[in-house]
Amino acid sequence: MTLDEEYLDITFLTENGFVRKRCPKCGKHFWTADPEREICGDPPCESYSFIGNPVFKKPFELDEMREYYLNFFERRGHGRIERYPVVARWRTDIYLTIASIADFQPFVTSGVAPPPANPLTISQPCIRLDDLDSVGRTGRHLTLFEMMAHHAFNYPGKEIYWKNETVAYCTELLNELGVKKEDIVYKEEPWAGGGNAGPCLEAIVGGLEVATLVFMNLEEHPEGDIEIKGARYRKMDNYIVDTGYGLERFVWASKGTPTVYDAIFPEVVDTIIDNSNVSFNREDERVRRIVAESSKLAGIMGELRGERLNQLRKSVADTVGVSVEELEGIVVPLEKVYSLADHTRCILFMLGDGLVPSNAGAGYLARLMIRRSLRLAEELELGLDLYDLVEMHKKILGFEFDVPLSTVQEILELEKERYRTTVSKGTRLVERLVERKKKLEKDDLIELYDSHGIPVELAVGIAAEKGAEVEMPKDIYAELAKRHSKAEKVQEKKITLQNEYPATEKLYYDDPTLLEFEAEVIGVEGDFVILNRSAFYPESGGQDNDVGYLIANGGKFEVVDVLEADGVVLHVVKGAKPEVGTKVKGVIDSDVRWRHMRHHSATHVLLYSLQKVLGNHVWQAGARKEFSKARLDVTHFRRPSEEEIKEIEMLANREILANKPIKWEWMDRIEAERKFGFRLYQGGVPPGRKIRVVQVGDDVQACGGTHCRSTGEIGMLKILKVESIQDGVIRFEFAAGEAAIEAVEEMERLLREASSILRVEPAKLPKTVERFFEEWKDQRKEIERLKSVIADLWADILMERAEEFDSMKVVAEVVDADMQALQKLAERLAEKGAVGCLMAKGEGKVFVVTFSGQKYDARELLREIGRVAKGSGGGRKDVAQGAVQQLLDREEMLDVIFRFLSEHEG
């Protein structure tokens, strides 16, 4: 069936008076029950007609509209599903939930797992940052929006419903809300994404697209017989109803306000205006008319940058009868107000659902939104904190979040301080860049933000002030977000076997304490020995592999490594190998197995303790379980205090002392998600319909590792080290069981050794060390004082030996000193008005310092020295320092200095 046939096959439309027409403006087909309609009604073909003229029979608030929609589909046999987090924990390819169908990808849509209900309805908060730069400007764009949806998952021989029923539901819903059939347009717009495609109808009312009805029945294939957007597709066995109804757009259409922002969070908009430098009343009739006209024209003009934006503003100004300057005095501040209102709602969902701001991954997107909001607040001279607006959104929405508002507030306060530090440092950084480059390109601005966190507007402003050629690139924030919106694929090393083998029966799943077993050799390839069944654990999930022996025919074969490839366990055997068909006895090193088990179970206990002490935003970011220690990386916005670390360790050991049972079972994926939530996926997302769920005390995770039978078998847990390994990620290094005892014994040995060296009892070590430290600081101060005295004396001696150039003292010397002494001496000489260079031999290199107490730039002189002596450096105008390969003597230095002074004279 061709795409045209797919649309013509929707008999509901023809049976209910809808006629298929082609729009003369865009050339696309649409369906209408209005015999007079010739244009599709979709901007830019036609402007909004609902602004000032609501299309529903009554105005709705967000919660009212959401409930109305969900109830509508519940009454028609759909199971109501609770919203998923905006942080897509169940996905390995994307960070944020971008559509309601994303909740059910990849396992439900591929048919691997059943849907939580079929059919189902949901109102899913989604975050899309593709149009970040358009938010506030067009009147319709949002970073966070709720996609109300109903889905039906159809399988061969089991159809729930398809195109006719879907269009009928949409028409009935709109009719109930007060929209006449003649006012509904269904525009044909084939959909494609993520390797799938299908026919799609966009529901348009009053010029506003309120719903998208996708009929996903195609999969990408090079020999497919249907082409959509340049790719070829073929029919797939499963076919899915994938709809999206914009909650905010429904509310906007019901109110007919100038912008969507005025409809969905007017209280936040008013609060920002009342506490900012905005000097006009949003409810003023002239202001409302200007904003309404801007929204209408923005709808038909598309991208609003540069000349198109100027055209929009001139058109609106002419229509309303004001100057462009007067119009911009209203529109530009309002765009910032609307953007800030939108962004703070998005931040609430990001942080509330557990994102921790950082410089990488999903945390990058949270920080991007926060810093953009802080910049907007500065420009508006906002007399409130971002948290005040976030809290307002929470009250309006009434949603419950995993992360309490107190934690959200703490994160925002920390981010504000970090932003201020970045801005203060960034100013000089941009100035230095402008000194080197007279024109800043888009890539320069992206680099300044990505590497240094400097807001684009700030960089553009500073560069322009310094006379550089620069302009604000279009959609730069959207591009920044896009670069970081998808998780990087980790390239795993693929093991290729010559033959095919059945999946190994993995005995360690059922009994991790099993240390001996019987098996048969079914393959030998190189160093790999393949058995039909095995209790040897392969390296996986951050847990090191088992080691041990295979015993056969009186021989002993050492297993030094264990790997897995496509479900087949590969035993790396050192030396000779048992032959295929041999019956073997596997013997696992019990010490290695138990240490790994204790460390793995302890990892779960530690994670639980971290979440209890630090909060629900804590999420596993990596883990490693080895023989002598383990590590756990978690998301957190600052390094925990010593008191918090002590509390975490104490709680973990209480969990261990409580000797709670450790249980594991294979569960249906959807059932496990429903029962335990997405915290299951702390250690990653395992594939398949069924997943192994491990419960360690009060911690529950999808996990394929080996574990103790109870928390008591862990023995004890000792935190060895806590450090921040990157912004927003904290690493806990720890040991459990015997490894913990060994770690404590090593600490005690070091204490005894330190006590012996200082000749005091261990209990007196802190005071003794403190006393020595204070004495050392006093001596250090005295040394620094003496160095200054020496530098002064040395400077006087060198000034007496100085040459003269145009009545200036020129100093050039090779001295015996370290870099710190060189710099101090150079500062003294510069203070005395001298110009020159000092060199000193270092380990494997030569230190060089240039100085100028005159109009000349020491950095430029350093570059000249560097050309001759092969090196480089940097510094201030009065003193610069670096390293070179060649040690110049006094005469050689003077030659360079005199040449430099002559060239720069006047």
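Just so it is clear, glycine is given a Cβ too, placed from its N, Cα and C backbone atoms.
Owing to the predicted nature of the structure, the values given are computational and were not obtained by experimental measurement.
According to Swiss-Prot, the Zn(2+) binding site annotation covers H600, H604, C703, H707. In the structure as shown, the Cβ atom of H604 (Zn(2+) binding site) sits within 10 Å of 30 other Cβ atoms.
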Residue with minimal Cβ packing [other Cβ atoms within 10 Å] among the binding-site residues H600, H707: H707
C703 (Zn(2+) binding site) CB neighbourhood, other CB atoms within 10 A: 26
Cβ-centroid neighbours of Zn(2+) site H600, H604, C703, H707, 8 Å, sequence order: S601, T603, I662, V694, V696, Q701, G705, T706
For H600 (Zn(2+) binding site), the three-state class that DSSP assigns: helix
